[in-house]
Ligand SMILES: NC(=O)C1=CN([C@@H]2O[C@H](COP(=O)(O)OP(=O)(O)OC[C@H]3O[C@@H](n4cnc5c(N)ncnc54)[C@H](OP(=O)(O)O)[C@@H]3O)[C@@H](O)[C@H]2O)[C@@H](O)CC1
Ligand SMILES: Nc1ncnc2c1ncn2[C@@H]1O[C@H](COP(=O)(O)OP(=O)(O)O)[C@@H](O)[C@H]1O
């Protein structure tokens, strides 16, 4: 897993690297510019493209100036540099890079006011006006420049972060900065890139290594962790010699209703395919034929009010919710499950029932995992103005109540009782179809049955779910939930190879 740092922590990482790796700040800037250019060349192979590089007066602008010189060296023919000269302050490395640039035959235009940009014509804009040094919302000339750039019919590639975009903290409802098609950012993605509101400022990002001290970065205190495949590989437990079905636990999935039986089947399939030794599905009588026909590996427990909960004590993992229905009898079952005092996996209708039963919500056994999407989460804890606030609530509730929240989205946030937020970056829009969440619940339950801790099951489950979807999406326009469940064993096998 990788630590994600705030801008000020990243500045400390810059300073630490400069001090301890005997590299000057100007050379670090050169390294950053080279790393940018390497990606840029692949993105813009056309050497005739008209490239306008807009440089501010800080270090972000310094990067832009170095990038202009390096692109010139790479034989890009139509480069123009615009010095966005709206402020009194200029960084030392910015000054040095202007001196270096002026030795080359690259047109440089000094911009004192927005009207001086009027003649700019470009296919590509490199945005190096303001980077992670942003300390207030854009106003005046800066905001006007951003809106001018956004109105151009050009592809915008931002250096490190689009001008005007906060690297962390809530994203302003009205964004006044530059909208970049691509952001090439240094060493680590910005925390805010993973929040859905970032679409106002960037379509996609690529992270390049610029040689900052990794030990220093990983030793910083940060609650934000990015799940990596290397980290996931370490979590996966191998199947043991002489093992048998009893070794891998017994999972129970309480799910399904007359019109939503598929949810139970999907969750059960995912549970079986993620490796649970035994899977029992507690579903209405009307679902038995479907279960026995489609999943002969699963066992069935017909659901009624007289369920004998004593037998549940021996189970290694229990999930409740997919397609369950919110009738009174299901509320009663949920209450009985909560009273077992064993960690549960709670999804879908179980979450809706909890939103009507605040008393039960606050009685959930510690280490239980809740897997809400945005609406389910807000039903539980009230409307949130933005995702930053939503994740803050999830984090607070996780810490206060010892619970785990898997807050689902394109990037899923896994909030743990120790206050850490693990961001999952696998998954893709081909997966945006009904039943996907049921499959995630099945995977997490299957992992818990195999005695993964709740935290590991949530982090690993979210990763495998998205990764299986990514693998399938390489050859498919859309990925269905049933296909995804079947892909899980292949994904795990490939990861541990
Ligand atoms: N350090 C290193 O070695 C490396 C750093 N790298 C690069 O440095 C970038 C960070 O550079 P940076 O810290 O100089 O800040 P930058 O974003 O250029 O801003 C400059 C100044 O702008 C001002 N300002 C802020 N907000 C404003 C606003 N809304 N409207 C108007 N003005 C505003 C503010 O000045 P102030 O207003 O405080 O006087 C601020 O100080 C980073 O993103 C990466 O590209 C890489 O080269 C790798 C090595
Ligand atoms: N565009 C996307 N990118 C990544 N993951 C996605 C995307 N769309 C959906 N998913 C994943 O699919 C799941 C959908 O869950 P949910 O909304 O509960 O579905 P359902 O209720 O139909 O089962 C989540 O885990 C989510 O992360």
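In case you wondered, yes, glycine gets a Cβ from its N, Cα and C as well.
Given the structure is predicted, the values throughout are model-derived calculations rather than measurements.
Noted in TrEMBL for the protein shown:
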- 59-63, 131-137, 142, 160, 263, 323, 373, 438: (6S)-NADPHX binding site (BINDING)
- 60, 127, 163: K(+) binding site (BINDING)
- 408, 409, 410, 411, 412, 437: AMP binding site (BINDING)
- 10-218: domain 'YjeF N-terminal' (DOMAIN)
- 228-495: domain 'YjeF C-terminal' (DOMAIN)
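The structure, with features from TrEMBL marked on it.
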residue	record	DSSP class
59	(6S)-NADPHX binding site	helix
127	K(+) binding site	strand
142	(6S)-NADPHX binding site	helix
163	K(+) binding site	coil
323	(6S)-NADPHX binding site	coil
408	AMP binding site	strand
437	AMP binding site	helix
Near K(+): residues not in 60, 127, 163 with Cβ within 8 Å of the site Cβ centroid are 54, 56, 61, 64, 128, 129, 130, 131, 158, 159, 160, 161, 162, 164, 178
Least Cβ-packed of the binding-site residues 59, 135, 163, 410 (other Cβ atoms within 10 Å) is 135
In chain order, residues whose C-beta lies under 8 angstroms from the C-beta of residue 127 (K(+) binding site), counting only those at least six residues away in the same chain, are 54, 149, 156, 157, 158, 159, 162, 163, 178, 180
Expected list for ligand 2 (Cβ under 6 angstroms, binding-site residues 59, 62, 132, 410, 411) reads 410
Residues lining the AMP site besides 408, 409, 410, 411, 412, 437 (CB within 8 A of their CB center) are 373, 407, 413, 424, 427, 462
So residue 132 ((6S)-NADPHX binding site), by the Cβ count within 10 Å over all chains shown, scores 23
Among binding-site residues 59, 60, 132, 135, 142, 437, close to ligand 1 by Cβ (under 6 Å) are 59, 60, 132, 135, 142
For residue 408 (AMP binding site), the same-chain residues 6+ apart in sequence with C-beta under 8 angstroms from its C-beta are 371, 372, 373, 374, 437, 440
The binding-site residues listed are 62, 132, 142, 323; by CA-CA distance, the one closest to residue 412 (AMP binding site) is 323
Across the domain 'YjeF C-terminal' (228-495) the predicted model averages a pLDDT of 96
For residue 60 (K(+) binding site), the close binding-site residues (Cα within 10 Å) drawn from 132, 135, 142, 323, 410 turn out to be 132
Cβ-Cβ distance under 8 Å, sequence separation of 6 or more, same chain as residue 323 ((6S)-NADPHX binding site); the residues meeting this, in order, are 255, 256, 257, 260, 261, 262, 263, 264, 348, 349, 438
Comparing the Cα of residue 135 ((6S)-NADPHX binding site) with the Cα atoms of the binding-site residues 409, 410, 411, the shortest distance belongs to 411
Between the binding-site residues 62, 437, the one whose Cβ has the fewest other Cβ atoms within 10 Å is 437
Among 408, 409, 410, 411, 412, 437, the record's AMP-binding residues, the widest C-alpha separation in angstrom comes to 14
